[in-house]
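**Student:** Pasting in a structure now, in structure tokens, and then I'll have a few things to ask.
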Amino acid sequence: MGLGWFGISSVWLLPMVWRYVARVMAGERGLKGPGTVRIWLATLAVLCASASLEALTSGRDLHGKAGGAVGRGLASLFGHMLGWTGAFLLMLGVLLWVAPMVFGHSWRQLLARLRQAGEAPPVQADARHDEADDGLKPTALGLGGAEQAMGSGHAGASRRHGIEAGSAWRQPAWQPPPRTRESPPQPGEIWPLLNAQGRPEMPLPVAAQPAPVPVPAPAATPKAATQAPSSRSALRATIVSSPFHRPQPSDGDQPPSSPEADDAPSAPVEDAAPAISPAAEPDAPASAPPEPAEPSPPTVDLEAVRQEAEALLAELRGLMTPLAAAPVASPEPEPEPEPEAETEVTPEAEAEPEAEPEAEAEPEAEAEAEAEAEAEPEAEAPAPESVAPALQEAEAATAAEAPLPAPEPAPAIEADDAAPPPPAVPAQKPRIVLPAVVGQVVSNAMPAPAPAAAPVAAAPPAPPRVVDYRLPNVALLTAASPDTVAVPAEHLEETSHLIAQRLAEFKVPVTVAGASAGPVITRFEVDPAIGVRGAQVVGLMKDLARALGVTSIRVVETIPGKTCMGLELPNARRAMIRLSEVVNAPDFQSHASHLVLAMGKDITGNPVVTDLARAPHLLVAGTTGSGKSVAVNAMILSMLYKATPEDVRLIMIDPKMLELSVYEGIPHLLAPVVTDMKQAAHALNWCVGEMEKRYRLMSALGVRNLAGYNQKIRAAQQAGHKVPNPFSLTPDAPEPLSTLPMIVVVIDELADLMMVAGKKIEELIARLAQKARAAGIHLILATQRPSVDVITGLIKANIPTRVAFQVSSKIDSRTILDQMGAETLLGQGDMLFLPPGTGYPQRVHGAFVADEEVHRVVEHWKQFGEPEYDEAILAGDPAEAAAGELFGEGGDAEADPLYDEAAAFVLNTRRASISAVQRQLRIGYNRAARLIEQMEAAGLVSPMGRNGSREVIAPGGGD
């Protein structure tokens, strides 16, 4: 990435060449004077730094052509010493540090300007400037030059075109250009004055001038009243056109000045206040004809003129005091109204001259002169073009009128220097009229100084960290115990003979065909004799269990693929099945689905896994202590071992606030673990909305499920295309679609959720169970009370995959599995698993996972960052929240003091009748109807049926 023109380029030499040409045109010594060496060194440093940057930014190819040999050499040198970044920052810092010096500025001057703009105390001048100001050189503009400046002819002045560059050692004498306006200026109009060097003068202090230092003069002449400021002074001044009388100009002109004239002594700066000429107007355009100067009487009282000018200047500076860069000790000026017309006044007066080195102050003076030229309302051309002829003419005129070279005493010494000035004579104050500019705003602030160069560019911000999710290692799980207890073959044979003998005693002849021992139970295959029905064997199971000395025997009437029955007897010693055994199994490792669940091991010891995406929902039920919560944890860990947050996101609802709260903070979560039932309803409602949104997207893309949708998005991304969102809020520029993760909703206790908001929750779960499979949203519902009021027919019909742990009755087993068998399970992880698509339950021993294992896996996932929660999941619908449809918080009926009594009556009597509540509570019909409707909104009673009756949904005290 070469910068082309940026390296060793003539662009950096233009300021120095321009300075040299301007000084030669002004008759100066072009390559000498203070500040020249600094400009030379700054130009050399800028060339080297820019060439090095050119070489460094050309793709780090230090052998290329970018930057030249010098740039490549410096880049190679500093690159080896500091590295590429260090060399780049070093060269950039050098470039920014010396760049202002190429143009004659310095960082100190720029910072001083910033402090002046902020009304900070002025920066004190260097001691060498103070010493230089104590012995100022004689002015280049003599008495004749001052008188000629007041004239209107300028006949002897030769015109030179082009803007003159000021000298850092000795400024050329300037003469103000002729008036070019068609009408004379109004009284009190402010014009900037250019000093003898060709630079605008600084405004003098606001305070009345102190007594001048007595300077012995061999010849005091009246011409001292119009003496120009010193050539070494870097101050600015303003000229006020006022109706007081001017001194009569002299007829004679002084001969041109020579270089030796700079060595003559000059008057102090304090005495230059009355030497202000009202005719110096360099900002006027040169297009209009000159205006004749105002005639002056032949004899003028110099002291009266001086005092009148001082009074007028003090009054004008009162207007400019708020604009000064720093406060100056002075008497309080008379308050004057703020001018409403725009006039750019840049007072920079100081009691002591605090000019920077003149090589640095020269560009500042030129910039301010340009700024004032732009502020002049009558200017019809850009500032440099309009000022250039006037500046050249003034220079030629004043150069011709400069005093003689110094072997002679300086004739321009003020007569007032010999004695203190008399008291000021009261005079009528002229009316100050400022030129108005239409369409511009009055600016009371100083012109903004040149902005400081930008600091060294900081290193570019690091790109966003791409999270490289790593699946947890199996070592985080506890390994299985190696000392497994195997059932000996002799024990199996002995038990087989004992089963046949006991059944023969009950006149049910059978033959034991075989036995297969597992980690928890042993299955004996029994072949009934001819004429023996299977029901006869099932009816003898309790007697057979008592005869064999076991807790329970489960009869499998039909074994798929075989003609025999199965008798499942528990082992004398149960083996613990660890989750690590199932996760390490090939069936789990080679499974392609991200939603594979490690269920456990079957009766023969083979690992059992299932795919939740094919289930597509799972219902888990079992009594307390049956291993239901451990199985849910094992299922969640199975998904955490197979899926990253980009593939699967989880929503966990834990009313007990114990089982699932340990997963708080893993990146898979879409929302914090929900423990409030109101937020649980909001989460399910959000899932329904997300399901509808995904269906619309899949329909627009022409795919049938979430896997097809993601495959189409990935194929487009690999081809370099973006699939636009067909439902974007900005159809003109739709955002591209991205892959969508699967969502698993885990509810640990459905019974509590149904009890609080049963009807609404049932509808939401039913909708998700019916349609959410293709949208990639799956449910895992767990409950410890598998009754019909919790697992309703609507939920059970849409969740074909079920897991039944030990239950207390055959009715609960039928509620879960639609068949018996769960009541005979052993507990502690012993389950009946009903796979999808089959009506045959499979006995599985669930994998055990300890709390320490869960914590280790959770900590592994937490190291990849915080989860990205969707706040809309738990926020809920504002309209629904306001109406209080779920919990009745927005209605007035629940606020009724009789609501609790009415609800208790309905739940106890199981009668949701308005008339019954009316009679029981002795209230009116309308009030009783509102109470019943509020119970319906809270999910206690069902909506009104066809015959007008309602059912009590929530369990009462009798259950």
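The backbone N, Cα and C atoms fix where each Cβ goes, glycine too.
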**Student:** With Swiss-Prot as the source, which of 1-21, 442-462 is set down as transmembrane segment?
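**Tutor:** Based on what Swiss-Prot states, transmembrane segment spans 1-21.
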**Student:** For Gly627 (ATP binding site), just count the other CB atoms lying within 10 A of its CB, please.
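**Tutor:** Around Gly627 (ATP binding site), other Cβ atoms within 10 Å: 25.
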**Student:** Just how many other Cβ atoms lie inside 10 Å of the Cβ on Gly625 (ATP binding site)?
**Tutor:** 12
**Student:** Since the record lists Ser626, Ser629 as binding-site residues, which of them has the fewest other Cβ atoms within 10 Å of its Cβ?
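**Tutor:** Checked Ser626, Ser629; of these binding-site residues, fewest Cβ neighbours within 10 Å: Ser629.
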**Student:** Same chain, not part of Gly625, Ser626, Gly627, Lys628, Ser629, Val630: whose C-beta falls within 8 angstroms of the C-beta centre of the ATP site? Give them in sequence order.
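**Tutor:** Going along the sequence, the neighbours come out as Gly622, Thr624, Ala631, Phe805, Gln828, Gly829.
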**Student:** Grab the pLDDT values for the topological domain 'Cytoplasmic' (104-959) and give me their mean, rounded.
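**Tutor:** Its mean pLDDT is 70.
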**Student:** Looking at Cβ-Cβ distances, which residues of the chain lie under 8 angstroms from Lys628 (ATP binding site) while being 6 or more apart from it?
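**Tutor:** When sequence neighbours closer than 6 are ignored, Lys628 (ATP binding site) has Val620, Ala621, Gly622, Ala782, Gln784, Phe805 within Cβ distance under 8 Å.
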